[in-house]
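J.: I have a structure I would like to understand better, so I am pasting it below and will then ask my questions one at a time.
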Amino acid sequence: MAKLLSCVLGPRLYKIYRERDSERAPSSVPGTPTSVTNPHSSSWDTYYQPRALEKHADSILALASVFWSISYYSSPFAFFYLYRKGYLSLSKVVPFSHYAGTLLLLLAGVACLRGIGRWTNPQYRQFITILEATHRNHSAENKRQLANYNFDFRSWPVDFHWEEPSSRKESRGGPSRRGVALLRPEPLHRGTADTFLNRVKKLPCQITSYLVAHTLGRRMLYPGSVYLLQKALMPVLLQGQARLVEECHGRRAKLLACDGNEIDTMFVDRRGTAEPQGQKLVICCEGNAGFYEVGCVSTPLEAGYSVLGWNHPGFAGSTGVPFPQNEANAMDVVVQFAIHRLGFQPEDIILYAWSIGGFTATWAAMSYPDISAVILDASFDDLVPLALKVMPDSWRGLVTRTVRQHLNLNNAEQLCRYQGPVLLIRRTRDEIITTTVPEDIMSNRGNDLLLKFLQHRYPRVMAEEGLRVVRQWLEASSQLEEASIYSRWEVEEDWCLSVLRSYQAEHGPEFPWSVGEDMSADGRRQLALFLAQKHLNNFEATHCTPLPAQNFQMPWHL
C-alpha cells in the first residue's frame, strides 16, 4: 500500500539513460532487478514506456496544467470582464466554486488512476524505490543509480548547499539569506532630500514600476521562464539532456541557493582526457530564452573544455523567478559548487556568457576576482537603451525607473570591477542588441560595452584621439575596412606591447592605468586601436547563431 501511495505522489518519469559499461555495478537497493541496473541487458527502450492507464492520465493532467497556465496569464482580463458583466456577485461565485471543487476532485481521481498505472509498471516501481532510497541515504551508489533516470527535477535531492563551504560558515562576509551583494543604482534625482513627503509622492510611481516589473517586464526580459514556452520546448530539452548525459557523460546536480531557489546544473568533466584545455572549467551563462540542454554549452564542449552549465531561476528544473538578485544568488552557488565540490581553483575557471547571461558572468567576475578569464558573446553594457528601444517613447520615464529599480542589468559597471583578461565577441548582424537596425553596426550595444571597459582600464589612452579612432574602427563594415583603418595609423604591435609591459613592470597590474599620459596623439591612437583589437572579435552572424568552437578563443593578456 505504501508503494502504491508513492506511485500516486511520485514525480513524472521521462527517460531511463543508457549506462556506460564502466558504471555498471550491482544494485545497493534491495530488490533491484538486473535489467534496471544494467539497461543494456533488457529489452526496455531508454525512453520510459508508461502503461496505457498512466499515459492517458498523464495527458489529461498535462492538458489541465496548460489550461491552468493560460487561465493564470489571462486572469486580469477575465476578472475585469466578469466584473463588468456582474458575474462576481456572491450568487454567481458560489455555484462556480462548486464546479471548481468537482473538477479538482475529478483531477485527483485521475492522479490516483495514474498512480495505479505506475504501480503496475516494474520500471516505475524500481525507479521510485531508488528515489526513496536516495532521499533516505545520500550514498554515492544511490546517487549513481538515480542519475540513470530523467524525471521531474522537483523531486531530485539537493546535492550542494550554499552554506556548505566551511569558509562561509566561519565568515560573516558571505551572502545572507537576503542574497549576495549587488551594485545599486544611484538615485535618479541627486541632491533631493529623501523626506517623508517626497517618499509619499514617489509611492504611486514605485508601485507602478513594481507591478510592471513583476508582470509584463520580467516575462519580456526572460521569456524562457514562461511555463507555456517551456512546455513547448520539453521534447527538445529532454533530447538535449540525454545527449549531455549519454554522449558527453554529464552529471546533473541540484544546488540550493541562499534565497531558497533550487538551481539545475550539468557538469561535463574532461580532466581525464589528454587535451590540456580539459583542466579548465568553463561556466556557461545562457541567454534569456536559453537552457543548458540546448544552449551555449555546446561551444566549449566541442573545444574540449570541462563545462558547467546551469539554468536561470524559473527555467526548466530551476525554481524561482529570474530577477537580478535571484540571478546573482544562483551564480554564486554555481561558482561555490565549482570550487568546493568539483575541485576547480578560481584560476582554472573561465566565465562564458551569451547575451543576457553577461549579467551573471560579470557579477561573478566582480565577486570572484581570481577567476581566470571572461568571454562575453553578443552581450551589452546596460539594459535601459535596449528596453527603451521596444517600448513607446511616452513610457520612457516609467521604463527607465522600472529597469533601474527592479531589472538593473549593469554589465559594464560590473565588468569594470574585474581585473582579469576579457574578450568581447560582437555579432555583426545582431538584431537583438542593436537599438536601430541590424545593419547599423554602431547601434550595437557591444560597442558601448567595449568603450566603457577600455575607458575604465586605460582612461588616458581613450581620451579624445583614442576614443575617436576606436569609434571609426568599430564602424567598419568589413574586415578589409578594419584592416585599412589599422594600417592607416601604422599600428606597431611590438611597440604597443613594450609600452604596456614596461608600464606594468613599473606600476603593477592593477587597473586603471595612467599609461598614455605623456604620449603623443599618434601614440595614443596606435595604443587605442591595438587594445580594441585585442579585446573585441567580430563574428559574422545574427544574435542566435551558435558560436563555432574555432571562434572560442581565450582572451588576450600581457
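Placed from the backbone N, Cα and C atoms, the Cβ positions cover glycine too.
Pulled these features from Swiss-Prot for this protein:
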ACT_SITE  Ser355  active site, charge relay system
ACT_SITE  Asp430  active site, charge relay system
ACT_SITE  His507  active site, charge relay system
DOMAIN    281-407  domain 'AB hydrolase-1'
TOPO_DOM  114-558  topological domain 'Cytoplasmic'
TRANSMEM  60-80  transmembrane segment
TRANSMEM  93-113  transmembrane segment
J.: Using Cα coordinates, what distance in whole Å links Ser355 (active site, charge relay system) and Asp430 (active site, charge relay system)?
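T.: Ser355 (active site, charge relay system) and Asp430 (active site, charge relay system) have their Cα atoms 11 Å apart.
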J.: How big is the gap, in Å, between the Cα of Asp430 (active site, charge relay system) and that of His507 (active site, charge relay system), rounded to a whole number?
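T.: Roughly 39 Å, rounded to the nearest whole number.
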J.: In sequence order, which same-chain residues at least six apart have a C-beta under 8 angstroms from His507 (active site, charge relay system)?
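T.: For His507 (active site, charge relay system), the qualifying residues are Trp513, Ser514.
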J.: Can you tell me how many other Cβ atoms are located within 10 Å of the Cβ belonging to Asp430 (active site, charge relay system)?
T.: 23
J.: What are the DSSP helix, strand and coil residue counts for the domain 'AB hydrolase-1' (281-407)?
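T.: Taking the domain 'AB hydrolase-1' (281-407) as a whole: 60 helix, 21 strand, 46 coil.
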